[in-house]
Structure formats: C-alpha cells, structure tokens
Amino acid sequence: MKHQTIDQLKKLTGHSFKNEDLLKKALTHSSVQRSEQGNYERLEFLGDRVLGLLVAEMLYQFFPQASEGELSVRLNGLVNAQTCADIAREIGLPDMVHVGCEMKNLEGRRLANMHADVVEALIAVIYLDGGLKSVRPFIQRYWQDRAKKIDASRRDAKTELQEWAHTQNGVQPQYRVIKRCGLDHDPVFVVEVSVPGFVSEVGEGGSKRHAERAAAEKILRREGMWGSIEKDDHG
C-alpha cells in the first residue's frame with residue numbers, strides 16, 4: 001500500500017494505523033483474485049456491529065427524552081448503506097478500493113453498498129487497532145452532525161410494513177427468496193413479500209436483507225404510506 005494512501009487515511013480518520021496488512025484487507029473487494037491479504041468481508045461484519053453500538057450510544061446521549069422507537073428510527077437512518085456510502089465518498093475511499101475487473105463498471109445501489117461496506121471495514125480496523133476509545137472519535141467526526149439532523153419521521157421499511165400489516169388484519173408480512181443469481185462475491189437476491197389480502201411485491205438487492213427492504217418499500221409506496229422512493233439501506 002502506498003504511504004500516500006496511509007497518510008491520507010490517517011489525516012481523514014484521525015487514527016494512526018498500526019496494522020498495514022489489515023488496512024489493505026479493508027480496502028480489498030472479494031472480486032480481487034488471489035489476493036494474499038484477503039478481502040474486507042469479515043471486517044465489514046465486525047465494523048457494522050461497532051458502528052451500530054457507537055451510533056446508538058451517541059443517540060442515547062443526544063436525545064434523553066426520545067423513546068426506544070424513535071431512537072431505532074434515527075439509528076436506522078444513520079447506519080444504512082446510503083449514509084455510509086456518503087461518508088465513504090466524503091473520505092475519498094472509493095478511489096482507494098481494490099476491485100476485480102468485472103466490478104469496475106458497478107453503479108447505482110450496488111456501488112453504494114460496496115462503498116458502505118468499505119467504511120464499515122475501516123471502522124473494524126480502527127477498532128482492532130485500539131478498541132472503542134480509538135474508533136469513537138472517528139464515528140463522532142463523521143456521524144455526529146448527521147445524528148443531530150437525522151429525520152425521525154421515516155422508519156425502516158420492514159418495521160413500518162410490519163406495523164401497517166398488523167393494523168390491517170393483525171398478521172405479519174411474509175418474505176420469501178424466489179431467486180438468487182450473480183457471482184458469489186456479488187450476488188443478487190430477489191425476494192417476494194406478501195401481506196394477506198393485498199397484492200404481493202418483489203424487491204431485489206445485494207443481500208437478502210436489502211431485497212426484503214426493497215420489497216417492503218414497494219408495498220408502502222403503493223398503499224400510500226410512503227410518498228417518495230427511498231434509497232436502499234444496510235444495517
């Protein structure tokens with residue numbers, strides 16, 4: 001890894017990286033063949049949990065009168081794929097990620113999801129370097145202002161659909177994976193969601209969770225619960 005990249009990340013994150021190999025892994029997509037250092041998938045898994053914990057802590061402190069439900073809505077808005085992808089671009093991470101040839105023309109939601117994953121992998125590296133005390137300043141730097149501004153009126157699509165379905169006929173939405181395609185490192189899931197008494201909808205995404213939310217959003221928009229198309233989220 002170029003020293004210029006490490007120096008740039010140190011400046012942008014406020015963290016001096018101890019493990020250069022781990023940092024390389026955080027910036028390597030699984031489409032890179034025969035990568036000696038591996039890829040960011042396991043780091044992304046860990047970073048997602050660390051991000052959720054520290055943002056939840058931040059919200060708990062910022063909004064002492066907020067209910068658990070409101071805090072959950074705010075949390076979803078701060079750790080979703082779009083927010084993380086926005087921060088990735090703010091940091092300049094997209095230009096630092098190593099990807100295979102077939103991934104270089106990626107765009108739209110799938111590209112945003114990849115950028116979001118890299119941010120979470122980077123969070124994991126900082127956490128493994130020095131624990132929560134090291135990663136907390138980074139989270140505060142890029143999430144604090146957003147935490148104070150995030151709109152608590154729009155809820156996670158699956159949560160809102162669940163509550164809406166319960167008010168309609170007292171049942172829960174049912175999700176079913178009807179198709180999985182794409183490469184192992186870049187899958188596409190197609191999920192159908194059904195609510196008894198209503199026409200089902202289908203959504204797709206880079207993970208089962210993303211596809212479920214996309215399908216839930218379609219019903220919410222169709223039934224007039226959501227007035228605009230929301231961007232896919234992660235977390």
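Including glycine, each Cβ sits where the backbone N, Cα and C put it.
Mg(2+) binding, as stated in Swiss-Prot, involves D117, E120; the candidate among E44, E57, E192 given for that site is E44.
For E44 (Mg(2+) binding site), the Cβ neighbour count at a 10 Å cut-off comes to 21, with all displayed protein chains included.
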